[in-house]
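*Asks:* As listed in Swiss-Prot for this protein:
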- 1-26: region 'Disordered' (REGION)
- 124-332: region 'TRIAD supradomain' (REGION)
- Cys128, Cys131, Cys150, Cys153: Zn(2+) 1 binding site (BINDING)
- 128-178: zinc finger (ZN_FING)
- Cys145, His147, Cys173, Cys178: Zn(2+) 2 binding site (BINDING)
- 197-260: zinc finger (ZN_FING)
- Cys217, Cys222, Cys240, Cys242: Zn(2+) 3 binding site (BINDING)
- Cys247, Cys250, His255, Cys260: Zn(2+) 4 binding site (BINDING)
- Cys287, Cys290, Cys305, Cys309: Zn(2+) 5 binding site (BINDING)
- 287-317: zinc finger (ZN_FING)
- Cys300: active site (ACT_SITE)
- Cys314, Cys317, His324, Cys328: Zn(2+) 6 binding site (BINDING)
Amino acid sequence: MDFSDDDMIDNKSGEENYSYGGGNESDDYNDVVDTIIPSEKSYVILKEEDILKLQRDDIERVSSILSLSQVEVIVLLLHYNWCVSKVEDEWFTDEERIRKAVGLLKEPVVDFNGGEKDKKCRKVNIQCGICFESYTREEIARVSCGHPYCKTCWAGYITTKIEDGPGCLRVKCPEPSCSAAVGKDMIEDVTETKVNEKYSRYILRSYVEDGKKIKWCPSPGCGYAVEFGGSESSSYDVSCLCSYRFCWNCSEDAHSPVDCDTVSKWIFKNQDESENKNWMLANSKPCPECKRPIEKNDGCNHMTCSAPCGHEFCWICLKAYRRHSGACNRFVVEQAESKRALLQSEIKRYTHYYVRWAENQSSRLKAMRDLEKLQSVQLKELSDNQCTSETQLQFTVDAWLQIIECRRVLKWTYAYGYYLQDLPKRKFFEYLQGEAESGLERLHHCAENELKQFFIKSEDPSDTFNAFRMKLTGLTTVTKTYFENLVKALENGLVDVTHNEFPPDNETKSTQEKYEEYQDYEDDFLETQRLYDEALLSGCYYD
């Protein structure tokens, strides 16, 4: 099987990406990551030529074992998503069934070769099944089924399929009732070079996207892929040569030590439109007359809906104010208000975690830009002003790399904290998180603000700058230690925490009771919303 060296690779989109200048900066970043999340590298970064070699090796292996042509093997591997072992097992179990399933027929359905020995038959023209013109046998092309079509019609048919997208990889004979596969040899024979190259690109992409062992780097414009060889218990975070870090398992931004399920729930919650409905339920009530939502900021409970409605009602019980007794002590009202307060509390809790999650991501992206500026412009200025070589200034780069990775870890700990239900574990987690965050803020402030003074040329820079070097290096080391402790604890599921470590004083009991009350409510959250909506629409709170 031949592949064009000019094959291009389409990639999935990802988050904003920075290359941190040139040289070996991505290696520096990976070294910093390894200090926070120490693990053996269980993946390999693949270039396009590496992928092509792996693909050819698989094709040649199956071709040798099954004694099939490489064209036939490609059809088989495409059908089984490039799983070599499954192809071999299925083929030796029931070859006839597999041939029928993938369209590799042993005998043609239509045979125009019966008169091969008869010289007269060689001169008989054959009618094309698409344009119905007559052609000589040399102008007709067939796949394993034998249905005859002229090469011009074949070219038009296949080109259309390829232009339609990757579905062309499983293209069948043009005869509607025929399931015979169209192989790469036919495509190369009848299509133009440009079309054939596009088909080859689809085959290459299929090897990565349909297989289970390789994935593209999701960073925009990156042509690398990653082959993962770790176990299910190991971290799925990988660092591409383009400097982008992502989770190989779920293709999201790298999120260790937080698991993929938590990340998936968190991202879904952030995108879920029901959060808008929750806010409306918690912070507004429908006018009993026109049903438009009304938000009450402050003041008394006597509400007047805006024009053209003008309906006057009580904010507490929603009863028309002209029939209002001045007391709102019905149990159903108290129950509704209790649920509303619970929703408000949950919204505040979610907002607390979301804001900090988003702010750390924003700070991380800003730190990436600051590092890029430092490496591309400021290191040269700093070297000139402080009369020292750029290699002696690597500690500033290390500090920024540490900041970037710590911001990433801290960002995802807020998603972890949102779903952490065990109160003793939550206390210990928040302690570790707080220590790590405080250390990171000191490091970030030092790198961002205290470094600025040294871009101004000084007559005697050495003493002050050396003191700064020691401070920044020390903060980098301390912050790394804080985050190592945090990551290790989260990876172990905070197993070292026991309930005895946090005796249930009165305040803890109260918090526990409130938390359990919320959990009981959350288990039946959708049903509560439905009943609450029905109650509002039916007007049971103000009749």
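Counting starts with 1 at the first residue shown.
From the backbone N, Cα and C atoms, a Cβ is placed for every residue, glycine too.
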*Asks:* For Cys314 (Zn(2+) 6 binding site), identify the closest of the binding-site residues Cys131, Cys153, Cys178, Cys287, judging by Cα separation.
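*Replies:* That would be Cys287, nearest by Cα distance.
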*Asks:* According to DSSP, folded down to helix, strand and coil, what is Cys153 (Zn(2+) 1 binding site)?
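*Replies:* Assignment for Cys153 (Zn(2+) 1 binding site) reads helix.
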*Asks:* Cα distance, Cys222 (Zn(2+) 3 binding site) to Cys153 (Zn(2+) 1 binding site), nearest Å?
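*Replies:* Rounded to a whole number, the Cα-Cα distance is 38 Å.
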*Asks:* Which of these binding-site residues has the least crowded Cβ, counting other Cβ atoms within 10 Å: Cys131, Cys173, Cys240, Cys317?
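*Replies:* Each of the binding-site residues Cys131, Cys173, Cys240, Cys317 was scored; lowest Cβ tally within 10 Å is Cys131.
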*Asks:* Any idea what the Cα distance is from Cys222 (Zn(2+) 3 binding site) over to Cys247 (Zn(2+) 4 binding site), rounded to a whole Å?
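*Replies:* Cα-Cα, rounded: 16 Å.
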*Asks:* Taking each of the binding-site residues His147, His255 in turn and counting other Cβ atoms within 10 Å of its Cβ, which one has the fewest?
*Replies:* His147
*Asks:* Work through the binding-site residues one by one (Cys217, Cys242) and point out the residue whose CB has the fewest other CB atoms within 10 angstroms.
*Replies:* Cys242
*Asks:* Under DSSP, the zinc finger (287-317) has how many residues in helix, strand and coil?
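*Replies:* Residue counts in helix, strand and coil order: 0 helix, 9 strand, 22 coil.
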*Asks:* Could you give me three numbers for the zinc finger (197-260), the DSSP helix, strand and coil residue counts?
*Replies:* 14 helix, 14 strand, 36 coil
*Asks:* Write out, in the order they occur in the sequence, the residues of the chain not among Cys287, Cys290, Cys305, Cys309 that have a C-beta within 8 Å of the mean position of the C-beta atoms of the recorded Zn(2+) 5 site.
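*Replies:* In sequence order, the nearby non-listed residues are Pro288, Glu289, Lys291, Arg292, Ile294, Ser306, Gly310, His311.
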*Asks:* So for Cys222 (Zn(2+) 3 binding site), how many other CB atoms are inside 10 Å of its CB?
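*Replies:* So the number of other Cβ atoms within 10 Å of Cys222 (Zn(2+) 3 binding site) is 19.
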*Asks:* Check each residue in the chain of Cys150 (Zn(2+) 1 binding site) that is at least six apart in sequence and keep those whose C-beta is under 8 Å from its C-beta; list them in sequence order.
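*Replies:* Correct list: Cys128, Ile130, Cys131, Glu133, Tyr135, Glu139, Ile140, Ala141.
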*Asks:* Rank the recorded positions Cys247, Cys290, Cys300 by the number of other Cβ atoms within 10 Å of each Cβ, and give the residue at the low end.
*Replies:* Cys300
